[in-house]
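Presented below is the structure to which this report refers.
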Amino acid sequence: MEPRLVLKAAGFIFLDAVGIPGNLTILLFVGQMSISQGKIQKNDVIITQLASVNLVVVLCRGIPQALTALGYRNLFNDSGCKAIIYLYRVSRAMSICITSLLSCYQCVLIGPNTSKWLFLKQRLPQSVPYVVIFLCALNCCVCYASPNYSFTYFNSTIPEFTLNLEFCIVIFPSYLSFMGNGVLYIIRDFIFVALMATAGGYIITLLYRHRKKMQSTQTSDRNQKKTADASKAVLALVIMYVILFSLDNIIWIYTLSVSRVHPSVSDTRVFFASCYSALSPILIIATNKRFATKLFCTQATKKDPTPSPGTTMSQLQE
């Protein structure tokens, strides 16, 4: 097996092994909290939606890439390629948009209690479902081009202006459509990443002011501490996404500058594009005390079950 294929298989198998159980864990935890508590916070609703689209990204891109690297061919016919690439494109775009929405929501949540911010604090929680529906409709329209040009992979000469994913290929009919599609994605991504980064910068400013205030008054507000912890978790997600977004788009801009893209370049770009969807659940669980505590308690219960009433002290010591 070629070294490129070995690295490709190992990389995407790792992302699948981390991303699938990680996103499922978040969905199961939030679902359990919803059943036990009867309702969940808006932050958790947004995180659930983020985990859902991230799971689709990993399934639609990580598994086919890993199977292709291991030597499996003809995974999909033309219709299958169109469906899976469209689903991946929309889910990846929603991952960007929902992360941006989460950062903006957290920014509003910790904002000062002025009249302008109070209006947003009152209206935004009720508007979250409508915002998500609008973003989904927007991305469904923006991502229509690539699936139309998607076909099953073939071993003959790859034409110009083609994205070769090896399990499927995307053949653009002209240089104009190739560039137009690429630039449209870049503009959309930059808009939401700029919004995400702006909200993240404001969160940093508010956290700094909060820390200085707490140091000067030498008091501790438990609710404010929880809000600050949640803001730091969102900020960590934003930083992770901006770094991976930068790597992904640097390679994407390079692919737009050449007529034939080598498979190793496409593999690298797709890997970085999928990293956020696979790794963000780890960051969410690690920085969310409720998730981390519940996971720790579940593991502790399995390792140290409560002894039955008939168990004697001598039996426990054995």
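Our numbering is plain: 1 for the first residue shown, then up by one each step along the chain.
Each residue, glycine too, has its Cβ placed from N, Cα and C.
Automatic prediction, not curation, is the source of TrEMBL annotations.
Feature annotations, reproduced from TrEMBL:
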DOMAIN    22-284  domain 'G-protein coupled receptors family 1 profile'
TRANSMEM  12-31  transmembrane segment
TRANSMEM  51-72  transmembrane segment
TRANSMEM  93-111  transmembrane segment
TRANSMEM  131-151  transmembrane segment
TRANSMEM  163-184  transmembrane segment
TRANSMEM  190-208  transmembrane segment
TRANSMEM  233-256  transmembrane segment
TRANSMEM  268-286  transmembrane segment
Long-range Cβ neighbours of the transmembrane segment (190-208) (under 8 Å; 6 or more residues past either end): 96-97, 99-100, 103-104, 106-107, 110-111, 228, 231-232, 234-235, 238-239, 241-242, 245
In contact by Cβ distance (the transmembrane segment (51-72), the transmembrane segment (268-286); 3 or more pairs under 8 Å): yes
Touch test for the transmembrane segment (93-111) and the transmembrane segment (233-256), at least 3 Cβ pairs under 8 Å: yes
Mean of pLDDT values spanning the domain 'G-protein coupled receptors family 1 profile' (22-284): 83
Same-chain residues at least 6 beyond the ends of the transmembrane segment (233-256) whose Cβ lies under 8 Å from its Cβ atoms: 96, 99, 102-103, 106, 163, 178-179, 182-183, 185-186, 189, 193, 196-197, 199-200, 203-204, 207, 265-266, 268-269, 272-273, 275-276, 279-280, 283-284, 287-288
Long-range Cβ neighbours of the transmembrane segment (12-31) (under 8 Å; 6 or more residues past either end): 40, 44, 47-48, 51-52, 54-55, 57-59, 62-63, 65-66, 69, 271, 274-275, 277-282, 284-285, 290-291, 294-295
